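Engineer: Quick one: the structure is below, and I'll ask about it shortly.
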Amino acid sequence: MSSYCFKCSKGFAHNAYKMKCGTCKSVFHLVCVNFTREDYKFHVDSKKSWLCDGCLKVKRISIASGTATFSPASSTKGNNTPTHSQKGDSPVPSHKGNSATPSLIGDSNEESEEEEPGTDVNDVDLKALIISFRSEVRSQHKNLKSDLGRTNKDIKDLKEDLNTYSDLIVEN
């Protein structure tokens, strides 16, 4: 394991948390890949392989084109950001830059030149499914809220009736 961060080229403290790319084996500070300790612990607990942004982009390109080779023409700018992925066989990319904001898989902030032709339909279907799910949940929530209001009113009426009957019983 390297003793320097691949993104910022600074060293690590002996007890520092480090993220290691599953493909290129580069090591990064958590801050450099915008990870929190909770994200790190989740990855350790789930035993999922993490890919730096450069390796993930290469993997996406090879999946979209149906090939498993890496060509310099398909290389990206090498933004090293957190991505949650499973183990895969992707070639080692070249990491050149280290600027830009982090993005997760499927994040809408990704640049348009990084989009793959095959994912647009899936993204649209997924977004439509999420929107329909949200609207269904909202309508069910609204129905439950009105049912709860009616139930509360019924309980209040019942309580008043019981108090009235209780008063009548005490008088007799």
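Here, residue 1 is simply the first one shown, and the rest follow in order.
In case you wondered, yes, glycine gets a Cβ from its N, Cα and C as well.
Just lifted these from TrEMBL, have a look:
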COMPBIAS  70-85  compositional bias 'Polar residues'
COMPBIAS  108-118  compositional bias 'Acidic residues'
DOMAIN    2-58  domain 'PHD-type'
REGION    70-121  region 'Disordered'
Engineer: Can you work out the mean pLDDT of the predicted model over the domain 'PHD-type' (2-58)?
Structural biologist: 82
Engineer: Please list the DSSP helix, strand and coil residue counts for the domain 'PHD-type' (2-58).
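Structural biologist: Split into helix, strand and coil, the domain 'PHD-type' (2-58) gives 19 helix, 10 strand, 28 coil.
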